[in-house]
Every structure is written in C-alpha cells, then in structure tokens.
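Chemist: Dumping the structure here so I can ask a few things about it.
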There are 2 protein chains.
Amino acid sequence: MEGREVVLPTVFRVALCGGTHGNELSGVYLVRERLKRKRKVEEEDHIYVVTVMSNPRAVQQCRRYTETDLNRCFTHATLSGPVTDKTPYEIVRSQELNTLLGPKGSPEAMDLVCDLHNTTANMGLCLIAYSDCDWISLHIYRYLQARENNPHRDSLFWMHFLIRVDLPYSLDSVGKHGFAIEIGPQAHGVVRSNILSTMQEGVQHMLEWIHLFNSGTQFEGGKVDVYTMVKNVDYPRDFETRGITAAIHPQLQDRDFCLLRPNDPVFQTFSGETLKYKGTEPLYPFFINECASTAS
Amino acid sequence: MEGREVVLPTVFRVALCGGTHGNELSGVYLVRERLKRKRKVEEEDHIYVVTVMSNPRAVQQCRRYTETDLNRCFTHATLSGPVTDKTPYEIVRSQELNTLLGPKGSPEAMDLVCDLHNTTANMGLCLIAYSDCDWISLHIYRYLQARENNPHRDSLFWMHFLIRVDLPYSLDSVGKHGFAIEIGPQAHGVVRSNILSTMQEGVQHMLEWIHLFNSGTQFEGGKVDVYTMVKNVDYPRDFETRGITAAIHPQLQDRDFCLLRPNDPVFQTFSGETLKYKGTEPLYPFFINECASTAS
C-alpha cells in the first residue's frame, strides 16, 4: 500500500448494537447504559451514532435467542421473506433492524454497523469481519492497537470470516462497513468488570478514530496481522448418539491465537486419551471451547 | 470430638447424580460416561452405586431447566403435591427421582445422594450441605483434603447452607446423607478438561472413602474448616427497572473464599464508581458472579 493514497467517504452514520445474543452481557450493559443516558441517537460534530438493543426479548430472558439465532438472519433471502403469525420472533426482528439500519446493500444503509459480542473462549478483543480489505475497519483495528498505553494491545486480533460474498448472515453485514467486536473469556449470562471495561474502551477508541477520520485526518498505511478462518473443527462424537466424547485438551484450552503444530494435543477423551492435531500445516486456533450450546 | 468414638451404619446405597442443571456439563459428562460403561447400577463389595441423569430434558436442550429449577423441587410439599397435565416437567421429574432415590425422610431412602454441579465462580471443589455435623459427609470431605499429592487440596471447601431444617429443597436432601459437589470456574454449556478431571477425582476419592468405611476402617477425628452461608448479597439495581447497575469489582472477582474486610471494594458501577463493603464484620464471599441467569 505504500505511497498509494486512498480517499474514502466519511463514516457519518454509525450503529452500535448489543444484545444480538441476549446472554452476552457486556454488549447488553454497554448499550443499556448508553440508552439510559438518552443516547439512543447521538449527534456530535462529524458523527451520528444510533445505539440499538438488537434482541430485547432474548435479553429479557438472558438467552442467546428465543426461537432462532438472530445473528444468522441477515441474508438477503431471510430479510426479504414473507412474515406470518408463525414467523419466528428473530426473523421478524431482523427485518425491523434491516429497516432501521439498512436496507442491506442500499445507499441508505448505515455507514458502519458495529455489533458487540462475548465469547467463552480466551480471545481477548477480536474484530470479526467478512473482509480483509475494508480499509475503514482495518484502520479502526490499527488505531485500537496503536493506542498509547493500551493494556490490551497484545490481545487484539482481527479475524477474517471467509464466506461467499453473497452470503453474509450477521447483523454487521447490514452496514456499508461492519464488524463484530468479540471479547472473552466471559461466561454467558455473566458480566465481568474487566471485560466490560475492555469493550467500553474499544468502542470509545473506535468512535475516536471515526471522529478523526471524518474531520479530515489522514492515516498512514501499514501492515496488520489478519487471521483467516479456514475451517471449523468439531468435537469427536459418538457415532450413534452424536454426543461429544472428548473435551479440549488442557494444553490447548485458553490458547486462542497461539500456534498449533502437527501432533500437538487437541482433545482429551472422557476416558483420558489424548487426540493430536493430524493436519500437516500449522494453524492458529480460535473460538476454542466457545459455548457449544445454541439453545441457552 | 477427641476421644469420642462414633459408630455409624454403613453407607451402602449411593446415588451419583449429574445434569440436575442441564447446562452444568462436568456432571453431565461424568454421568454419561458411567452410564455408557453400563454402570447404571454398580454393585461391588461393600457398595452399590446408582448413577442418574437427573434432568435429561434440560440436558438435551443444554439449559439449566425447561420449566422450573429441578433443584428447588425437593421439599416435602412439592414432592407430595398433585400432578396434572399442566404440572411443570421438573416437578414431575422430582417425584420420579424421589421414588427412585427416596422417599425422602424414609428408611428406604439412599444412604448418600451426591449431586454434581458447576459454577461460573472461582470456587474450586466445594462440598455444599445443609449440615455442619454430618460425620459421614465431613469425613468424606476430610479424606478428599488429605489425599496425598492432591493438587486441589488448597481449593477444597465445605459450605454449610444454613436453612430451616424442614425446608431443604435440593436433590441431595433426598438421601439419608447428601451433599452437592460444586466445581468452578466453568461457563455453563462448556466442558473444561481440568474441571472434569477434578470432579472425576473427587468422585473417585469419595467412593474410595465409602468403600473403606463400609469395610470397617476406623477414621480418626479432627478439625475441618466450614464456611457457613450467612446471607445473599444482590447486585445494586435500578430502582425502577430492577436491572443491575454494577458488576463485581475487579478486586473481588475470582476471590471466592478470600477474606473480605469492611471497606474493601465489592462492586463497580457501570459508570465506574467503586462500591465498598459496608458491613462491620469480615466475611468470606463465595459464588461470586455465579451466572445470574436462571432462564438459560
């Protein structure tokens, strides 16, 4: 990129969403506190922020979702599907959110949608996006990394979610730019002060960058590390019952974004046997032991 | 107790229960593995063990419960109440379990009911009982502590759940003796190898002690530390919405069973203010930041 100057439109209309999964509480409380301070819509110089509680019913029940995972509903097909009395709540809600923040793919869509999540995995602060060449998002990431005295700079990651370009299904795909901020480890249904502070600082720095950018600040190019998702690895399962037969090996547990080499331990079966990584290529695992439950 | 010899009946019929809360997975997998090995009923010399998946519907959905908390159903009133088509599943199930393992308070009841739980709090391995003078349970606790090379000996606790003697409501109250084994920290819906191993070893040592006891081994008296529950401390809440307005203070988080002195930080409000412990008496907090969600 050196020497090449890119001029991009301002990022004026920003959506900040929490509670897309109702039991991931850092985003729920960050959004709730902003809304309490009457900041549902916040207009300052150069920036207009809409704060949204994405799935209020699931938040109320402290569950991931009530009928279907809201964060899988933002495909063009689901967003344009018919709605009847029997349509799951989350599909109805995805269409409401698409009206509020989109329509997805249209010129009216929000300039940036930032969706706040937690994970039970030890992933630090991780930005997750469908692209590895969205300059806006990558510059925000770089700004977060570069913040002086940032105690989290060694646990800041960019994860590129590789998926067919017409198929993004998550809420952040409604904006012209978008990413999820995923912070862990935190048990679902629990709020930890340190994790909430990390999220608050991340959001504050993101808004700072947008403010600077919209004010005409030029940002130098540079390099950032990007982790691209190449595959999901499921647990070993019983052939008949499909129940899992092993847990993450203690030597892998909590080592998200650390290099896993061929023959390193991956699983420990419930009978005590160690299962090793059989691939030939070193990989960086992430979302290690993320809560498998999709129902709670 | 020194010099006094107590002779107690054998502890022949033992129930080992997991999945009483369906998303506390160490007990679920420990029980499932035992059942897979055809050990639903296991009779060896001097001991007869029944292994039970307490709430199979909640386990299947990976939720704490489906309609009401099973582990609050074992009062005499609920166990003897009428059942109709509209009775919540867990109440029906509590009566089934009472038939299988009780009836509570009768001579036919199991000699010991051990119920396996997880907590998101950093409580190590904690035995929870309604009594602080049940010699059987206390000797098991002491045996677990004394195991040579026990890496968990510094994180082993006994918690005495102070409650009116006619009101115990948990599954372990169905046995003549009973306690819960509560192990954390582990997010609900997740299984961690180290936590599962700790539970497996705890159960194995418990069965070892029972075997020795039933074989006629005499055990010396001695002293153990017992933590008695004196009160629940709720989160600060918004007067109108009843939503929480603070998280556990970072200086208290994860410090279960560590002394909390007057004026030590307890909560950090979402606006950043520190709230201190206003009591006059030092206390040992536990179940710090246990998942507040009862619905998931």
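Using the three backbone atoms N, Cα and C, a Cβ is placed for every residue, glycine included.
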Chemist: For the Zn(2+) site that TrEMBL describes with B:HIS21, B:GLU24, which of these is also annotated: B:HIS117, B:HIS139, B:HIS160?
Modeler: B:HIS117
Chemist: Cα-Cα separation of B:GLU182 (active site, proton donor/acceptor) and B:HIS21 (Zn(2+) binding site), in Å?
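Modeler: Taking the Cα atoms only, B:GLU182 (active site, proton donor/acceptor) lies 12 Å from B:HIS21 (Zn(2+) binding site).
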Chemist: Could you count the residues of the domain 'AstE/AspA barrel-sandwich hybrid' (B:223-292) that DSSP puts in helix, in strand and in coil?
Modeler: 0 helix, 17 strand, 53 coil
Chemist: Specify the secondary structure state of B:HIS21 (Zn(2+) binding site) as given by DSSP, simplified to three classes.
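Modeler: Assignment for B:HIS21 (Zn(2+) binding site) reads coil.
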Chemist: Sort out for me which one of B:HIS21, B:HIS117 has the most neighbouring CB atoms within 10 A, since those are the binding-site residues we care about.
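Modeler: That would be B:HIS21, with the most Cβ atoms nearby.
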Chemist: Non-local Cβ contacts of B:GLU24 (Zn(2+) binding site) (under 8 Å, 6 or more apart, same chain)?
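Modeler: Listed in sequence order, they are B:ARG64, B:LEU116, B:HIS117, B:ASN118, B:GLN186, B:HIS188.
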Chemist: Could you tally the C-beta atoms, other than its own, that fall within 10 angstroms of the C-beta of B:GLU182 (active site, proton donor/acceptor)?
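Modeler: Neighbour count, Cβ to Cβ under the 10 Å cut-off: 25.
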